[in-house]
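**Q** Pulled these from TrEMBL:
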DOMAIN    15-198  domain 'Aminopeptidase N-like N-terminal'
DOMAIN    233-341  domain 'Peptidase M1 membrane alanine aminopeptidase'
BINDING   HIS305, HIS309, GLU328  Zn(2+) binding site
ACT_SITE  GLU306  active site, proton acceptor
SITE      TYR351  site 'Transition state stabilizer'
DOMAIN    382-455  domain 'ERAP1-like C-terminal'
Amino acid sequence: MDQFCGQARLPKFAVPIRYDLDLKPDLDACTFSGSVRIDLDIVSDTSFIVLNAADLTIAPASVLFTTVHKVLEPRDVQLMEDDEILVLGFSDNLPIGRGVLSIDFEGCLDDDLKGFYRSEYEVNGETRIMAVTQFEPADARRCFPCWDEPAFKATFKITLDVPSDLTALSNMPIVQEMSSGHLKTISYQESPIMSTYLVAIVTGLFDFVEDHTSDGTRVRVYCPVGKADQGKFALGVAVKTLGLYKEYFGVPYSLPKLDMVAIPDFAAGAMENYGLVTYRDTELLFDENHSAASNKQNVSISVTHELAHQWFGNLVTMEWWTDLWLNEGFATWIPIHNTSEIEGIFDGITYDKGAAVLRMLQTYLGPRVFQVSGKNAFVQVYNLRPQGRETAWLWLQDNWDSILKIFDDGLFALFCPDSLSQFASVEKASEVRAFFASRTLPSFADMLEESIQQILKNSRWVHNIQKEKNLAEVVQQLSQGNC
């Protein structure tokens, strides 16, 4: 089993097709238990099954692999905590084809805001506990054993056992609810194929407001008890946005419902879980009587960004986290090879620079061509298939042959590639603004928005600025061709 140590990516000799996941959170003990049955396709000769798991207790006796003809028990079950993988070793090679892997497990509802965690809130002066998931980028493995990489898409059938007085939400609508004493068992519709980081569960006490899109999709905003009115603005934004994106992308929103939930303890600003978008409460709630106008703008930006991910990210998904810009660049524009390094790429370069490059493409191709010939077809042709940046570049090359050569090397560098032409001079230094974020400068997105009129006046801008050089020095070097 040592051959799997230190590997950033899972081997591909077993591919998940479907997850049947049962979870039972205990909010009093702050623990959870569960079982998962994973339909697998064994695609090459192997006597091992390797998947992700972390911070879980695995019951070895529960681990079975069932084929059409027999039930196989692994000879070794080893959870490698440092690598966050679960390695199952069998005595003989597994038969090629379909089988079902069954595993029972337990875990803790910690308060570290990742995986399956707990969050405190108050109802009528009483402190309560809710259970929440946050799986992006690589924390579904802390809730259940799985192939926790974006390329391993599968369907999910989820069942929850929760206290009878609580609301329990997941990606899909409820199909059955059965009560037994103080508990209820809730079964949800099976999802379309999606990546593990998009699976979501929330259970707690909420009020909600509801509306429907013009084509009948139910949209709800779940708010703290007594604050339903503060969800009305976000609800209106969401309903309008789904309709606009359907028209723009040429692809309708693909689930029967969309829930958006305000979470009191939430590390990210928001998370685009498929059909169940979670938000820090300040990013979703708006109090007409007490909130500032800037808060209203923030809610609009946050909602439209996360809903863009229902297409770019959830339908069209990057193969690995090095291509996160395919998610975040599109989502920002439209309104990392080691897992330990993944969180570091959720930064301004990924979001704002990706959006800036897409803005350049739109200007070059023209808005209509970019919409119809670009994103629209890209979504329809490539949805459900994990993509890398090479796929995007090769497809766009039909419209711009030089794009692969010009942009790919520079897109992921600290700043922009050599793309400035003959305009630079020392005298112009005072006229050029620094379009990059730093610890002391405002965010790229805000500065770009403020300066958009200047940019449209044929101002050619940004050129390979390394770190935070003096801007006059940079322009002088540009004019001399030394930068």
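A Cβ is built for glycine as well, from the same backbone N, Cα and C atoms used for every other residue.
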**Q** DSSP on HIS305 (Zn(2+) binding site), three-state: which is it?
**A** helix
**Q** Taking the Cβ of the residue listed as 'active site, proton acceptor' as the centre, how many other Cβ atoms fall within a 10 Å radius?
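**A** Around the residue listed as 'active site, proton acceptor', other Cβ atoms within 10 Å: 25.
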**Q** Across all chains shown, how many C-beta atoms besides its own are within 10 angstroms of the C-beta of HIS309 (Zn(2+) binding site)?
**A** 24
**Q** Count the other Cβ atoms sitting within 10 Å of the Cβ of HIS305 (Zn(2+) binding site), across every protein chain shown.
**A** 22
**Q** Average pLDDT across the domain 'Aminopeptidase N-like N-terminal' (15-198)?
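**A** Mean pLDDT across the domain 'Aminopeptidase N-like N-terminal' (15-198) comes out at 96.
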